[in-house]
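Novice: Quick paste from TrEMBL:
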- 75-95: transmembrane segment (TRANSMEM)
- 102-122: transmembrane segment (TRANSMEM)
- 123-292: domain 'Lipase maturation factor 1/2 N-terminal' (DOMAIN)
- 250-267: transmembrane segment (TRANSMEM)
- 312-333: transmembrane segment (TRANSMEM)
- 370-389: transmembrane segment (TRANSMEM)
- 401-424: transmembrane segment (TRANSMEM)
- 449-587: domain 'Lipase maturation factor 1/2 C-terminal' (DOMAIN)
- 666-712: region 'Disordered' (REGION)
- 688-698: compositional bias 'Low complexity' (COMPBIAS)
- 701-712: compositional bias 'Polar residues' (COMPBIAS)
Amino acid sequence: MAASGLPRRLFLQGVAAVYALAFASLYTQIPGLYGAEGILPARRTLRPQGKGRWRQLWETPTLLWEAPQLGLDTAQGLELLSLLGALLALGALLLRPLCNLFVYLLLWAAYLSACQVGQVFLYFQWDSLLLETGFLAVLVAPLRQPPRHKQTPQSGLAGASPHEALPFWLVRWLLFRLMFASGVVKLTSRCPAWWGLTALTYHYETQCLPTPASWFAHHLPVWLHKLSVVATFLIEIAVPPLFFAPVRRLRLVAFYSQVLLQVLIIVTGNYNFFNLLTLVLTTALLDDGNLTAEADSGRCRKTPTSAWPRSLLALLALLLECTVYGLLAYGTVHYFGLEIDWEQLAVHSTTTFTFHQFSQWLKMVTLPTMWLGVVSLGWELLTAFWRWTQVRGWLRKLCTAVQLFIFGTATVALFVISLVPYSYIEPSTHGRLWTGAHRLFGTVEHLQLANSYGLFRRMTGLGGRPEVVLEGSYDGQHWMEIEFMYKPGNLSRPPPIVAPHQPRLDWQMWFAALGPHSHSPWFTSLVLRLLQGREPVIRLIQNDVEKYPFHKQPPTYVRAQRYKYWFSHPGEQSQWWRRQWVEEFFPPVSLGDPLLDTLLRQFGLQSNLHPQDKSPPRARSSGNALAQALRWIRKQLSPLEASTLLWGLLTAVGAIRGMQALLGPRPPHASPVAKEEKHRLAPKKHCGPAGKAAAPAPDNCSGSVQASRRKK
């Protein structure tokens, strides 16, 4: 029942920061991805079907339906939405009055609107995670921020209403679903690399966008890679149930383990804002006591010898902790056969259970984990009701009752909805789930209020990292490689640090390399745009157009080759990669080539990408002041590389927050007399043995001190 005002505030600030990064990253790529000369023009996604306005908005929930009313086409509307989203998120991050429910509702609606037209380039799990987290932030955020002088030090947000902890509990449940499902799918996929504990011997060089640290991590000893896989299973499968532990120290252990995992992933891989967003979710494991250090805390924690109930509870908590740690240690050693080799100073490990045994275990625990959520949520509801009973004044009690009913109903409904995608990890449990939950989930599924997760399900590139290399030529005989800014290509170029930016074309190039080009229809669009020499698409490949080998004249022919890449061996001078040619990925084509036209017709792209575009005309925006402003902003920002722009944004935010901390108002210090009086009264009335006339002691001493101040 500890207060969680500060973690809630930290959560909201973290969500705002992620929104700002996500919108800014997307904005830099809109012309090349969704513009009229882009790979997949956004205008093809929003075509009225003769339905009513509200029905059309419900089936395809996006604010971009209103872009023509502003004289903008869909891509320009997406630019406006991204700019406003980034500015609004920065406002919520830096200005207290903007950290409210309405602002977070607008941010969620804006990102949902972008995802509706984003097509394959916005089909990533972290986009779904941001939408689900963003909707929870709407419920967690206060309706309005109170004046600073009315804000208690412990609350961090608007007062201490009984309902406040309920939506924040959903953040913890989301973190549990994300981590537990991500661990389980690694084993249910039957991937030999995960079962053999060798996944990390491939992961660092085969992930989408490695970092320089990935090269060094790849060359660590194999036994350490296997031990790291064991630790990953421990953190993702065994630790998440501790998120709901009644003992604070167990929740802290779970918190630090999740933070450690995410930090290591950030160091060794470019996963844009995903790991930052996961770190934001871990704030739900904290409470105010974890984020504040009060001078009186040590005095209040000294338990008197006569307070035997507290001593008994402390002993039981210690026994529970020791039991949990013992079970985790025994299970890890037993199920992964850990053995120490003292001669080689190594730890050997191997999986000692079978797929059938794991499947039976999963059947046995999936439903109980749902009931664990039910029990934990039930406790939160009871706690909220108890806090409501302590409210004084009939009018305030009525208002808080309405709030508690609304937010309690929303929390229960979202929990029930989330059970459906969570149950995907175990099919038999999914089939036994309450049919009402399935109906409720089906009604709001398109809003992405709850999603299924399962990261790194299978390890790819076990025989070498597949990589597609584009080539262009003027005569069909002499070919020049087209090098991307971020993805591997040049053997001597070190892997870049890209995060928190996500170059979505580079990510899709990684997916395209895993299969034939026909599995990635957008690739044909990319080839056509390169043959046409469209600058917005070229800037996705090289922001500095001068570095693009065909910047003076588009190539006559374009083709693509598939290679296998490996990290270079230690000692190889000026080489980060090795590669070997595998096969032709995309045949040589030119403008007007029958093969190219056939592929465009096959994928339904010809009417949107062909130079002789026959699509219906949209509202002209050349003379529109808003469109001119958007073009001016684009012209000012286009010379900046996206990752540089985002890091500059982070630096500016950090500088502003630092100035706010230095120049902002400071809490008044109590006089020496008041301090002496507080220290004299607190142990006697609240931290010492209970007297006959003493009131019942609350859960923390800070509440006792505030009560004594009010009494004085």
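Indices start at 1 and increase along the chain as displayed.
Even glycines carry a Cβ here, placed using N, Cα and C.
In terms of burial and nearby residues, how do these features look in this structure?
Specialist: Within its own chain, the transmembrane segment (75-95) has Cβ neighbours under 8 Å at 12-13, 16-17, 19-20, 23-24, 26-27, 30-31, 34-36, 38, 41-43, 63-64, 66-67, 103-104, 106-107, 110-111, 113-114, 117, 621, 626-627, 630, 633-634, 649, 653, 656-657, 660, counting only residues six or more beyond its boundaries.
Averaged across the domain 'Lipase maturation factor 1/2 N-terminal' (123-292), pLDDT in this predicted model comes to 91.
Listed as Cβ neighbours of the transmembrane segment (250-267) (distance under 8 Å, sequence separation of 6 or more from its ends, same chain) are residues 175, 179, 211, 213, 232, 234-236, 239-240, 242-243, 275-276, 278-279, 282, 285-286, 290, 320-321, 324, 499.
Residues 136, 139, 161-163, 166-167, 169-170, 173-174, 177, 181, 366, 370, 373, 377, 380-381, 384-385, 388, 430, 433-434, 436-438, 440-441, 444, 449-453 of the same chain lie 6+ residues outside the transmembrane segment (401-424) yet bring a C-beta within less than 8 angstroms of a C-beta in it.
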